[in-house]
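Participant: Structure incoming, see below.
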Amino acid sequence: MSWGTELWDQFDNLEKHTQWGIDILEKYIKFVKERTEIELSYAKQLRNLSKKYQPKKNSKEEEEYKYTACKAFLSTLNEMNDYAGQHEVISENMTSQITVDLMRYVQELKQERKSNFHDGRKAQQHIETCWKQLESSKRRFERDCKEADRAQQYFEKMDADINVTKADVEKARQQAQLRHQMAEDSKADYSSILQRFNQEQWEYYHTHIPNIFQKIQEMEERRIVRIGESMKTYAEVDRQVIPIIGKCLDGIVKAAESIDQKNDSQLVVEAYKSGFEPPGDIEFEDYTQPMKRTVSENSLSSSKEGKPELKFGGKSRGKLWPFIKKNKLMSLLTSPHQPPPPPPASASPSAVPNGPQSPKQQKEPLSHRFNEFMTSKPKIHCFRSLKRGLSLKLGATPEDFSNLPPEQRRKKLQQKVDDLNKEIQKEMDQRDAITKMKDVYLKNPQMGDPASLDHKLAEATQNIEKLRLETQKFEAWLAEVEGRLPARSEQARRQSGMYEAQTHQTVTNCAQDRESPDGSYTEEQSQESELKVLATDFDDEFDDEEPLPAIGTCKALYTFEGQNEGTISVVEGEMLSVIEEDKGDGWTRIRRSEDEEGYVPTSYVEVYLDKNAKGS
């Protein structure tokens, strides 16, 4: 099958068909180009998606990615980033191996097609020229023949006419002979041109046109083969990245399998463990017998009636104070950490004469008291506490992390110590490098001036000293916290769920409520240890606070020797000012003068409260 023999007369149709083939190739190139743009756009969107959900540096989100589930999600984002890279590879390979190659081939194809059809048109023009020459010689031969025939007829007529002279006849004969000669010459020329045209026409239809059409056929077949190879390359480019995409998907599966729910649960414990112990049991309150303000509002103090005395020292006090209002907490922190002694005469609660002005507080239901603890706002007793409360609300963190629970504070301090040690090691390495450089300068003065390094060396030494002092400060805080926490082998239980369910404002208030006067959490050293606050820290913290106003007066019923920290000695019959009434622990805070105040057992005094102060 050959276009030259089968389609020898379809020059124009072949020209249209080859142009259509080039248009199809250009359309395929456009398709591949748009596919590469889609791949690039898809890769860009995948990268943007991965970047959008990446944790921001130095933010809270970055801390959340310590959990295995979050790490797996981060690995998924990274794998999706690699996945996007493979789509970029697809786009690049299709562009280089298909689009660019085919565009170059299309230009060559157009040039070859133009050349082939130019040769075809040239052959057509040549055969048309030969045909025109043939037609011209034919017409000339026909004309000469007619002229010779007319000349012969004229000669015969003149020869037959007796009236015509001999000279005229001779002239007519010569003219007839000339015309016959011209007809013979035209005949010979026509015959020659005709033979030549037939030869040219045979070569045109059997040689030139078949060769040209064969080239066009081969060109078209190469185009078809080329577009098929491009389609194979199109599929191969996709197939080449499938293994890498499979590895990306395998990475996502592996990250999903690495999720450890137990480990995440342990991390939650480490992140939010406060170091507190749950509150102890609340003792039964008997409302069947009349009670007066004696040892405690929560228990009967009479040993004769067999009622146990409520203990607020040691562990129970440490357990309850996260839920106590700040004014009550201040009383617990500064009041003596042991039950008050009974009156010298072992008088029953009813025997203690309490004047009519001393109000007898009614026992409220436990739910009301608990709601009061959970919803009450803290009372800030000094300007420093006010600043600390404002700093907590504004998000500022104290340098010693005293706003955190003990366990979290210990972790933060340990992390700070580790970071400072790393900085110290870095500065020491830098100092050693400067020292070595100085030694090199001393041995080879032409390399540099040793004195020029003295400033850098002194600066590095000074930085090391500052970092060491900073480290010692944080190590001291860390030792203080570790001394207050229970033994590390004992896993302290978390605070109750009610503490975790607070709203943000309540949590902030609770965080302020849990502060001790020195700005840090006050913890028990062991399960049997008692709450202890250093007097120096207390004095430093409250040296600028206003003295509490008196809310009433009291009269000492018995002599009390205040030997414990926070207590004050009184003499029987002495009149004193009451600045804080009994909060349920059996102690009342009194003042003798502006600089002398402390706690005495409530059963040792007769209290007269000011009604206006009580109401306010």
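Numbering starts at 1 and runs along the chain as displayed.
Here the Cβ of each residue, glycine as well, is placed from N, Cα and C on the backbone.
Look at TrEMBL and you will find 1-264 tagged as domain 'F-BAR'. Sequence annotations record features per position, and here TrEMBL assigns coiled coil to 155-186, 410-437. Per TrEMBL, region 'Disordered' is recorded for 279-314, 332-365, 498-528. Residues or ranges marked as compositional bias 'Pro residues' by TrEMBL: 337-346. According to TrEMBL, the feature domain 'REM-1' maps to 403-480. Positions annotated as compositional bias 'Polar residues' by TrEMBL: 502-511. The annotation domain 'SH3' is assigned in TrEMBL to 549-610.
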Participant: Quick test of the contact rule: Cβ under 8 Å, at least six residues beyond the ends. What residues does that give for the coiled coil (410-437)?
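Facilitator: The answer is 270, 275, 400-401, 404, 448, 453, 456-457, 460-461, 463-464, 467-468, 470-471, 474-475, 477-478, 481-482, 485.
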Participant: Using DSSP, what's the helix, strand and coil tally for the domain 'SH3' (549-610)?
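Facilitator: The composition, in the requested order, is 3 helix, 32 strand, 27 coil.
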Participant: Restricting to the same chain and to residues at least six past its boundaries, which positions have a Cβ under 8 Å from a Cβ of the coiled coil (155-186)?
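Facilitator: For the coiled coil (155-186), the nonlocal Cβ contacts are 137, 140-141, 143-145, 147-148.
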Participant: Under the DSSP assignment, what numbers of helix, strand and coil residues are found in the domain 'REM-1' (403-480)?
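Facilitator: Grouping H, G, I as helix and E, B as strand yields 72 helix, 0 strand, 6 coil.
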Participant: Per-residue pLDDT averaged over the coiled coil (155-186) comes to what?
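Facilitator: Result for the coiled coil (155-186): average pLDDT 86.
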